[in-house]
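Have a look at the structure below, then the notes.
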Amino acid sequence: MASAEATPQQQIDQLKVNAGWDMKSNIKAGLLHHEEMEKKATKTVTEYIEKFADVLEENVLRFLQDNAEMLELCIYMYEQLPAYKAVKSRGILSAKRFYDTYVLRTADGSCYESVSHCFMRIAAFCTVQVLTNSALKITILYLGRDKLFKDLPCSPTMDLFIYFFSPLSHQLVCCATPIMRSAGLRDANLASCFLINPDLSTEKSTTTALLQELTMLLSAKSGVGCNVTSFGVDEKCIQSCVGLINSQVEFFNDQNPRPVSVAAYMEVWHSQIQEFLAVKLPENPSRCASIYQGLCIPKLFFEKFIEDPGQNWYLFKPEKSGNLANLYGDEFRSEYERLVGIGCYADAIPIKSLMFLIINTIIKTGSPYIIYKEACNEHHWKNMEGCAIASANLCAEVIQYPGADVSTCNLANVCLPMCLVTVSNDSHSPLEKTYCGNVIESQAVSGVGFSMPILHAAVEVAVFLVNCAIAGGKCVTPGMERGQRERSMGIGVHGLADVFAEMGYSYLDERAARLDVEIFENMYFRAVKTSNNICRLGGGRPFEGWGESKLRHGFFHWQGWEDVNLSIPITEWEKLSRRCISSGVYNSQFIALMPTVGSSLLTGFSESYYPYFANISSKVSSKEEVMKPNMTFWNRVSKEDLDTVRFFSGDVALFPEPLKEKYSLFLSAFDYCAEKQLARARLRAPFVDQSQSHSFHLKEENVVSARFLKDLILSGYTLGLKTIMYYCKVKKQSTMSSFQCLRDQNKSEMTGNDQGVEPESYIKCTAAGGETSEACLHCQ
């Protein structure tokens, strides 16, 4: 059928064929999909109220009703801006994502929320929360912001609305999935993820924790990080415990458009650590395929492994483990040695054998995540002596201590490419009287700069947005309500690789490294400053637990790390320190670098702080597979290079030499040295007071040897990273796609070695057996 005679859907299907490499086709397909969906979407605020009044929270509904005329004008003016066209021009995958996942729809599916009204709903929710919280309201109005629509006569209430609507609708600030989908709805949970540390010491406490608390949390359609180290019920096997968790995950994922999961964490001294590592192995007939695993490894394990890989590592039953679970550092060592000395251990295993089991599990399943116990505790916002952290969340970037309560992940992220500007003569002039940084000019591309003032403004909005979500979200259990009193937040980023490429830097370039660290220093500075302003200017009460906070004494997270180079003048840090001591801060934590898969699909930019995953990849849903191009890359590909680039599927590492150099900025994460990526994570770590979802991106040849992974894990330990490994992904040699590390192990070639690992086996790469490469999209 000729294109002119085709239906819109047929045109979209035709265009999708080339969407992976032809940006005109990709953008046109997205625009057509928006056009088709807008036929079924709300056109006016009045219609929106009529269609969705029954699901909107009462105060949000009233706000929309009371301000309908001004909101209508605001939406109209926004839709005349280039920003609106840009949102609709992100490609077919972005368009699909909006309507399949994020916007509201009526129960019968006959009417959808328009994209503009989706942003309106979130901004209206935030405005309502600010109006009911005097500290937030006073602070925002005091700080002030230039109006987006300068000709629009606004009341203070509408000023507050525009304060949120502008960065949201421009996609400068992006929400985590629960906020994007549910802000402004009745009884909505807005937390991305939960952390629990349940008592699993008896049958009764285990069933109470897993069939009541965990069930309620999963019913909120979010992920959970669960510490299972206390499990030791009447000689029951950890397989049954994890199986109980796995069955619940599968139940909640049945017909659920947004999958949830649980990451079960265990400390490596547990007597059932070997059984725990086996619960997800492909050869396990009772394999728990729907959950994820994590290990909390203490400094002592690494020290002993390095000292003598052949020595024993002792394992303990929880009820005979003394106080190991609550200790770290020298106190952990003393307790461990005391227990070994009096013979309280249940078993012993050569430490190199346990390391090999860990690596074997990583190679076959892509996990367990690995967090470093001492780093998590020593760099926490308060002194953790006697109550150690031993787990993280579902994506391993949120580090909190839930105790008997429920810790929560309250997340948002900044789209870093939106901070790129054309450099002009006055680019270095600050936008406000207080410190907000300057525009950093590219040293490789003329006229391009990264605006720290825009970044500061974005982080400030993100702080208020997350606080609105904390205040206005439903707490699904009493433990969650108690945990939210710490007001922990996690502000992340996406599109860092695009920023580097636009500024002419390869990912591991020294100039990129400096900009990388400066970005996160400025983010941490502005987040703490804004949180302090809520107390200092708005009169807000500091979070519960402020008296124990290191910030109470003016001690910043970066001060606990060595070799930190600051770009912000020390006088600014000292001023902020004094203000924190004097007035307090509203939130306990600030920066967490999550994967941001969802946000990057909407904007078309790269995920999180990672290098590019691929220049052509795909996203598979229950409905279809849609190509995901690296739009920054394909917009650079010249017409004469197109055939060659397509022949090699956009894999720059395979290009012939002239083109490889020409497009060297677009190498993938698999092409960069994994150890150097870990070193970069260490450079930004002082300004990331939670953690980073740091994945290993490896090539097939890297994992034929257990030694390579062993060295990476030890490197993460040496660097002192909180999250040494979130996920391990391996790129198959034969395809453009990349896969997590599920492997078939065959043709065992056992060879002795003295490198501290078990004899190596030949490993054949296969695609991950139907699993997603990320644990959960709610964090992202």
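All residue numbers here begin at 1 and follow the chain in the order shown.
Every residue, even glycine, has its Cβ placed from backbone N, Cα and C.
The disulfide bond recorded by Swiss-Prot for Cys193 reaches one of Cys376, Cys387, Cys395, Cys409; that cysteine is Cys409.
Among Gly144, Gly223, Gly366, the residue that Swiss-Prot places alongside Thr177, Ser192, Cys193, Asn393, Leu394, Cys395, Ala396, Glu397, Pro595, Thr596, Val597, Gly598, Ser599 at the substrate binding site is Gly223.
For the pair Cys395 (active site, cysteine radical intermediate) and Tyr726 (site 'Important for electron transfer'), the Cα-Cα distance reads 7 Å. The shortest Cα-Cα distance between Glu397 (active site, proton acceptor) and any of the recorded positions Thr177, Tyr726, Tyr727 is the one to Tyr726. The local packing around Asn393 (active site, proton acceptor), expressed as other Cβ atoms within 10 Å of its Cβ over all shown chains, amounts to 35. For the recorded positions Thr177, Thr596, Gly598, Tyr727, a Cα-Cα cutoff of 10 angstroms around Asn393 (active site, proton acceptor) retains nothing. Reported as a whole number, the C-alpha separation between Gly598 (substrate binding site) and Tyr727 (site 'Important for electron transfer') equals 17 Å.
For Tyr726 (site 'Important for electron transfer'), the same-chain residues lying six or more positions away in sequence with a CB closer than 8 A to its CB are Tyr369, Cys395, Ala396, Glu397, Pro595, Gln692, Ser693, His694, Ser695.
Taking only the Cα positions, the spacing between Thr596 (substrate binding site) and Cys409 (disulfide bond) is 13 angstrom. Cα of Thr177 (substrate binding site) to Cα of Tyr727 (site 'Important for electron transfer'): a distance of 21 Å. Cα separation, Tyr727 (site 'Important for electron transfer') to Cys193 (substrate binding site), rounded: 17 Å.
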